[in-house]
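Student: I have a structure I would like to understand better, so I am pasting it below and will then ask my questions one at a time.
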Amino acid sequence: MVAMDAILEMRGITKEFPGVKALDNVNLVVKRGEIRALCGENGAGKSTLMKVLSGVYPHGSYDGEILYKGKPMAFRKITDSEEQGIVIIHQELALVPHMSIAENIFLGNEIAKNGVIDRHETNRRTAELLAKVGLRESPETKVGELGMGKQQLIEIAKALSKKVELLILDEPTSSLNEHDSAALLRLLDSFREQGMTAIMISHKLNEISEVCDSLTVLRDGATVSHHQGMVPESQIIKDMVGRSMDDRYPPREPKIGEVIMQVRDWTVAEEGGDGRLLVDNAKFDLKRGEVLGIAGLMGAGRTELAMSMFGRSVGVFRKGSVKINGKDADLSTVSKAIKAGLAYVTEDRKSLGLVLEDSIRRNIPLANLAGVARYGVIDHHKEGKVAQDYRKAINIRAPSIDQATMNLSGGNQQKVVLAKWLFSEPEILILDEPTRGIDVGAKYEIYTIIRDLAAAGKSIIVISSEMPELLGITDRIIVMNEGRLVGEMPTSEATQERIMSVIIKSGHDLTEEDITPEEIEAETAHV
Amino acid sequence: MSDTTTDRGSDTFGFIRRNMRQYGILFALVIIMAFFQVVTGGILFRPVNLTNLFLQNSHIVIMAVGMLLIIVAGHIDLSVGSVAAFVGALAAIMIVKMGLPVPLVVVLSLVAGALIGAAQGYWIAYWKIPSFIVTLAGMLVFRGLTMWALQGQSIGPFPKEFQMIASGFIPDVFGPDKPNTLSLILGWGAALVILWLQVRNRKRQEAVGIADEPFAFFVGKNALIFVALAWMTWALANFRGLPNVFIVMAVLVALYSFISERTTLGRRIYAIGGNEKAAKLSGINVERITFLTFVNMGMLAALAGLVVSARLNSATPKAGVGFELDVIAAVFIGGASMSGGVGTVIGAIVGAFIMGVMNNGMSILGIGIDYQQVIKGLVLMAAVIFDVSNKRKS
């Protein structure tokens, strides 16, 4: 039975990846003409669900059924769903910067006769579409010359060109400023009045309450709750994070020593573009033997903070200083940062951490080749011994150290990257999403390694989007949002709700009134 | 003994299958040699032909070791033929026109090559301009400069001293009678040293339990290499002795194998080609190392240019045309990966000799240059297809 006014009904959707159940019996009913919000933590399964709906994951690769306008659908590719009027706009825009607005809008769907593109008709239709989304630009303007807000509008115009009836937006305002966000939300509002249905994935609860009619919360790949109309934010937050904390973390007795690192005024701007600040006046201390967590949503600037400190590997350095053991540290190149005692274990082990076709043995010494060489000549036997030792010490499960790292599981790859950085003998380890995409058992092993390192007097910074993980293994948590440190708390006083509300409040404060950074600091100081 | 070999199967056949990429190319060379030995009625392995084989392919081998590093680092160098020709022209002008002493000219030529490599490497490493484009420009520029420097004429002949680089043989300090005793000592000595190094390495591997290669295979492979080297030395020593360029090649191959496999510099080059971002985040100075591989390539192209002009006994505007393609083909036939990070010096040398033996064998058979090109092209394609399908299986 389909509800009378439902345009979309997804029933019992289950999607598995090797080793992970990304979606577990998810149900979603969307009414015609409403804007439905989809909320959840990173990795809750929101994007996966939308990929199932739009045919990115073809019919047959998941269980469950999709009813659209009352009829069962079996999309095999994106164009199948687009033919039915379901269009998805991804978080990362899919526009070709060197092409004009008109060329982008009709890319893959060109207005042509016998393969010859009709430029005038294309431009005419583009102008119409641009008028609908309220963008005053020539159809021949190159997309790369426009800001993010305008590009987002072009994506929407592109969706309109496909006769969209159900528009899916994946965090549409995440890279927009306040003004553009507000304009976009107004546009969605006007589309609703014309009868369009939309699903909006968002973290920003204020935006949700502004435009959405109803709300679905996903957690760990399952639907937790559906709400109609206004819902208290506290309820939404609780639904988003409400996991039980069991003994998924090794017990630990922190032995925290003196301050080892002091970061002051750390400011980094985006490369190119309009120089948006990725990290804005970051200031924090790290103590010996301490595990410091950095919480925040995706794009909050946590990775940028870490990588900019590690040899200015991201963005453009504006200002700031780092003292290690009371002395100014030169972190201007990666090798200097390593010498200063830093190590950064990347969140993206495949593209930034490993030489995938190389063996475990060859990957481990890469950040400290001098450690296995004399006068620039590598001692293969020492290298083999180092690899064997780490394989045993942190339990890298592989048939041999000559195994190519591309053939290892995610957890074992992560351990190889970890071994590489342990071998560089750092004082301060920055672990960026150290347990992303690895199974529960391997997670526990990684937590144990972190605990043992801290016990051995190393200082550790853990960046994680999994709040239970931060609560389970850290001593202190700082919270980042939009490039700024917006809160700090001892882990003993932290809860997921509290972290989430710090993030959300920090977003609110900026939208509602212009608060100076000093005021935020003053506010967060008493939090 | 660790649990290394038990679950992977230590039988010889399984080992060969897993290491097809490494050994397939060596098998191919052996098969191609055997084939031409038979169809040419034994001419291929005659001492005089064997000597020619080395002389005619020395420049390819010399450049292949440099190109291997370039390709492993994820780049390409299309300019080497033009650079070789240009440096050959410079050397001819310095020797024939200006009358400078040969040793000085050799040094100046190598410096010139290194500077050319630096000029190209600078844009590639520090400005991130694709190497294909920079060296394509270099290919045109240095071809043009060669023509300009030579005014469209050939310059020659060279003094004997210079010709010796390419066509000389090592002198026999033990008297003129055959076989050439010094050649025998060097050749057999090298064969013994290689054998000893292999045995020592094997023993060390066994000691820590990481010996992967089946024993029978280890014995067979090394026996084959040892016998081949010993026999070849004997054949050459009974003709005119080891050619000078053979010594140059042998030293380069040994040196560059060592650099690529045993030094931190070599390891960094592989890491850059394998994953540049990961290498950079590991504190590796990607720019400087990329730059240095091009400086090195320029120097080796210069050396090849000297060898070629010494062999032809003149510098000509057309020298070195198409060398870059032979060199690049040798490296890819030898198992290097277009995307970087994979390849060995030995593989590249074997690749160069596969091309060389085919050229030589087909010429003996009187096959026209037209068919030769077609066949070489198909062999290159086959080698790469073999490589890709092999990769896909694993």
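These residue numbers are counts, starting from 1, taken along the chain as shown.
Placement of Cβ uses the backbone N, Cα and C atoms for every residue, glycine included.
Quick paste from TrEMBL:
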- B:23-45: transmembrane segment (TRANSMEM)
- B:57-76: transmembrane segment (TRANSMEM)
- B:83-100: transmembrane segment (TRANSMEM)
- B:106-125: transmembrane segment (TRANSMEM)
- B:132-150: transmembrane segment (TRANSMEM)
- B:181-199: transmembrane segment (TRANSMEM)
- B:215-236: transmembrane segment (TRANSMEM)
- B:242-259: transmembrane segment (TRANSMEM)
- B:289-308: transmembrane segment (TRANSMEM)
- B:328-354: transmembrane segment (TRANSMEM)
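If you look at the structure here, what lies around each of the features I listed?
Tutor: Under 8 Å from some Cβ of the transmembrane segment (B:57-76) lie the Cβ atoms of residues 84, 124, 131-132, 135, 166, 243, 245-246, 248-249, 252-253, 256, 260, 269-270, 272-273, 276, 289-290, 293-294, 296-297, 299-301, 303-305, 307-308, 323, 326-328, 330-332, 334, 336-345, 347-349, 351-353, 355-356, 359, all in the same chain and six or more residues away from its ends.
When Cβ-Cβ distances below 8 Å are used as the criterion, the transmembrane segment (B:106-125) is approached by residues 75, 77, 79, 83, 86-87, 90-91, 94, 100, 131, 134-135, 138, 142, 165, 286-288, 290-303, 305-306 of the same chain, each at least six residues removed from its ends.
Sequence-distant contacts of the transmembrane segment (B:181-199), counting only residues of its own chain at least 6 positions beyond either end whose CB sits under 8 Å from a CB of the stretch, comprise 169-175, 218, 222, 225-226, 229-230, 232-234, 236-237, 241-242, 247, 250.
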Student: If you count Cβ pairs under 8 Å, which stretch among B:132-150, B:215-236, B:242-259, B:289-308, B:328-354 touches the transmembrane segment (B:83-100) the most?
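Tutor: When the Cβ pairs under 8 Å are tallied, B:289-308 comes out ahead.
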Student: Same chain, outside the transmembrane segment (B:328-354) by at least 6, Cβ under 8 Å from its Cβ: which residues?
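Tutor: Counting only partners 6 or more residues beyond its ends, the transmembrane segment (B:328-354) has Cβ contacts under 8 Å with 21-22, 24-26, 28-29, 32, 53, 57, 60-61, 64-65, 67-68, 71-76, 78, 253, 256-257, 260-261, 270-275, 376, 379-380, 383-384, 387.
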Student: Would you mind listing the long-range same-chain contacts of the transmembrane segment (B:132-150), meaning Cβ under 8 Å and 6+ residues beyond its ends?
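Tutor: That would be 76-79, 81-83, 85-86, 88-90, 92-93, 116, 120, 123-124, 315-317, 319, 321, 324.
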